[in-house]
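What follows is a single structure, written as structure tokens, with notes after it.
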Amino acid sequence: MEFFNQLILAVSVASFITFQVLFHYLSSWVSTRVSPGFKKLSEKQKIEWNSRTVSTFHALVVGIFCLYILHFDDAVNEDPVWGDPALVKLNVAITTGYLISDLLLIFYHWKAIGDKFFVVHHLAALYAYYYVLGQGLLPYFANFRLLAEFSTPCVNQRWFFEVLGYPKSSKPNIANGVMMAVIFFLVRIAVMPIYYERMFSIYGTEAFYRLPFGGRSAWMCSSICLDVMNVMWMHRIARGCYRVLRYRKKTEEDAQQNGKID
């Protein structure tokens, strides 16, 4: 067990270092070769670009790992409170390293990427993950939360298109916008009933009362806090998607009308 705890610590540290290297070196190196428009960005835009590149990479890694655990880790799925958290701990360790790395970058580059909602989000997640990594509590729920990361690549891609000058009514932008709204809804909003139904099924059981008070508080408070922000973000995304689709439709109708007049 002591060796495994050291492994988890090593994974967290390695994750932190990896994401720092990605931000400071690899993102810019790859971006200049993949997207010529990167060189034309301002220093502030490059900082956010690199931050979002790292965010996308993290989301894909932990999201895929999360799906694997949900489908194949029987111990966690059968006992969501006290099931063997080994694989979940590894996934959460990767995310912990990323969150700490991102928090430091946010504070250091506050004028470029500072956002109080992201600070609250990261701190709430770290508070909950402390109990997962330290005591192995609630592995199913910790892993389930990581499903939300699948919406991150589309959210970041929307910003990439915007900063590169793609019109909001362009087909790539609209396709990504619709995909973003759909995926965000599926992995952050539609799954809420499943998550809370499982939570309520645990409430009042022996497994629940074996949880320390701090663990229960972290579980419930962080869940509510994160989902309030998810609903707020979903509202913004839905409004933005609706405005773009309506603008696109109006543009097409105007073009058809002008074609008839000509």
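Just so you know, glycine gets a Cβ as well, placed from its N, Cα and C.
TrEMBL does not curate its annotations; it predicts them automatically.
As the structure is a computational prediction, the values presented were derived from the model and not from experiment.
Under the heading domain 'TLC', TrEMBL lists 44-246. What TrEMBL records for 6-28, 49-70, 90-110, 117-142, 174-196 is transmembrane segment.
Sequence-distant contacts of the transmembrane segment (49-70) (same chain, six or more residues past either end, CB-CB distance under 8 Å): 19, 22-24, 27-28, 30-31, 38, 41, 76-77, 87-88, 90-91, 94-95, 98, 101-102, 105, 109, 113, 143-144, 146-147, 149-150, 152-153, 156-157, 159-160, 163.
For the transmembrane segment (90-110), same-chain residues at least 6 beyond its ends with a Cβ under 8 Å from one of its own Cβ atoms are 8-9, 11-20, 23, 47, 51, 54-55, 58, 61-62, 65-66, 69, 118-119, 122-123, 125-126, 129, 132-133, 142-143, 146.
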